[in-house]
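Pulled from TrEMBL, these are the features on record:
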type	residues	note
BINDING	A:Arg107, A:Lys147, A:152-158, A:182-185, A:Glu190, A:His213, A:266-267	ATP binding site
DOMAIN	A:111-296	domain 'ATP-grasp'
Protein chains: 2
Amino acid sequence: MSDQLPQGATIGILGGGQLGRMLSVAASRLGLRTHVFEPGANPPAGHVADAVTTASYEDHDALAEFAASVDVITYEFENIPTAALDVLQELRPIRPGREALRVSQDRLTEKTFLTDLGLRTAPFADITDADSLAAALEVIGTPAILKTRRFGYDGKGQARILGPEDAAKALEDMRGAPAILEGFVEFSCEVSVIAARSADGSVACFDPGENIHREGILRTTTVPARLSGKQRTDAVLLAAQILNALNYVGVMGVELFVTPQGLLVNEMAPRVHNSGHWTQNGCTIDQFEQHIRAVANWPLGDGSRYADVQMENLIGDDLDRLPELAREADTAIHLYGKGAVKAGRKMGHVNRIIRG
Amino acid sequence: MSDQLPQGATIGILGGGQLGRMLSVAASRLGLRTHVFEPGANPPAGHVADAVTTASYEDHDALAEFAASVDVITYEFENIPTAALDVLQELRPIRPGREALRVSQDRLTEKTFLTDLGLRTAPFADITDADSLAAALEVIGTPAILKTRRFGYDGKGQARILGPEDAAKALEDMRGAPAILEGFVEFSCEVSVIAARSADGSVACFDPGENIHREGILRTTTVPARLSGKQRTDAVLLAAQILNALNYVGVMGVELFVTPQGLLVNEMAPRVHNSGHWTQNGCTIDQFEQHIRAVANWPLGDGSRYADVQMENLIGDDLDRLPELAREADTAIHLYGKGAVKAGRKMGHVNRIIRG
């Protein structure tokens, strides 16, 4: 591609957490610099970025200055305020584009987008008040789960409804935010497809990984996932369909439920994804570099898997296990350099190579 | 180890080139920050370091401020002025230690150290003037090579002597610097052992790689090297002997000639080494992380090799091949973000996985 970003060019990254940190490292492998925009102090990505802007997403001067200093803008999280995007896109390309953000910032829009594509999801309904919730519960049944349409992650902004008697309390938990009711799905396992699409429309998917969550937080991802050949193909084709429909450029994480009736889409994240961290030690080109390649107009790399891997998140005081983890054979440690250990906080992860 | 460097601690790195750059990346995986000290502007390591000090090694105030801001000091090159080390070691530990620097900064001291250990090297002699050169050429014969004792790298400060008639010109090329005459060795191949030693005395070696040089610059390293089982064992034991003798902490590159009479030590470098770059895509823990682990008082990691790899340096306008390289299967690109392409300048390298 003639406009492949050259040596020394700078990628702007919105968000300075661990994903931005690992994106910065991947960019450095391609001779690129990164400039991180992050409201919080001492962002993990700042330790390995060439520059950091500490400012709020409401500070439009800071946003404009940031944009002017970079060649292209990407992000590590999807909940970027629309007004900030308006400022940025006047100055520099944002990849992946606005449409992916619009769709994935709202659970209702996302579910509607997916079903319009002919893909299957859990049953869902738009909830605006007690009446619409009662009506939806009639159709969807219980157990079900009420979620805010926007700004949810790692199980936050969610309330389980085991029977109609839980409805009022669940609605109250939404604190007036627009919500969506989702039915429970019987699934044998949850898998993720980490898919990449380059500017020229090429799509490449990493081998699907199998996820285990606890308390709403991803604990482990294991490759290969327990999928039949057909399920594996279906998963990859389905992810490619989503990326193509959005004219997407970058890496996306697509979470799928495996059910007797086929694959259901649980969630899509328009960014590198925790369930793709195994690629750092299972592939020559990992998800972070694949994302940077796409965003920088490089051809996608070779993401074929060379090893079986289990990724385990290190959450909160899991970090106390570091001395033992550091001595484990076939184990790569990836820490995020976060100062304070807090319960539920992702502090790092390990990738264990599984020998046959 | 109780004094394993904790999350958020900072490693000071003397030198901001590509080795410092890749050391910074490795440190980030362990949750550590880096602070780079480099006299030159816009150092490649600066793009991924948490902090950069731009100052001369003669600026002792800057050195002291740098040392005070870090927890431990390491380096990416061996020719650090002694006076600078004197300032630094008063304030923070330097790993690897002074003894390794003293030995490797001077070719004569290094060769003497090695032969005192009972190891074999090419024949060598101390050259101080025309008379000592003539006498040495009588014993060592021609062809031979005259080298400055200090500050040589990538073929600089060297002059070949094909016959006695070349002696005067060769000596002139040394510009009065103390020199060493080395005899030529008939060898079937050159291999490198990248060896690591932790503070508790554990030693781990990566699988030896086979090197090809052109015009005095490393072009490729291939693993596995063409060595017999006995040669492989000898190479590793010999490297371990060197590290133990120096009470060494960190990674060292040891270059060996394979001859019919056994292994000869060509050179030792008290740092991560170009011939160890293949470990980035052939091992779960690469040479850069192994060095950081040792320096940070972590246990050494699992450096066992999982793939056959060929590392190829990208030198000067080799960078023009980037569009094709980016499309190669099984190929990982590592660029250094250097602004100006110059003939003979190392711009990056690729690691190619060799499928059987």
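Glycine residues also receive a Cβ, built from the backbone N, Cα and C atoms like all the rest.
DSSP assigns A:Val185 (ATP binding site) to coil in the three-state reduction, outside any helix or strand.
A sphere of 10 angstroms centred on the C-beta of A:Lys156 (ATP binding site) encloses 11 other C-beta atoms.
With a cut-off of 8 Å between CB atoms and residues at least 6 apart in sequence, the same chain places A:Thr121, A:Ala122, A:Glu190, A:Glu255, A:Leu256, A:Phe257 near A:Asn266 (ATP binding site), listed in sequence order. Averaged over the domain 'ATP-grasp' (A:111-296), the predicted model reaches a pLDDT of 95. DSSP assigns A:Lys156 (ATP binding site) to coil in the three-state reduction, outside any helix or strand. Counting Cβ atoms from all protein chains shown, A:Arg107 (ATP binding site) has 22 others lying within 10 Å of its own Cβ. A simple way to gauge crowding: the CB of A:Glu182 (ATP binding site) has 22 other CB atoms within 10 angstroms, across all the protein chains here. The Cβ of A:Val185 (ATP binding site) has A:Ala122, A:Phe257, A:Thr259, A:Leu264 as same-chain neighbours under 8 Å, each 6 or more residues away in sequence.
A helical conformation is recorded for A:Arg107 (ATP binding site) in the three-state DSSP classification.
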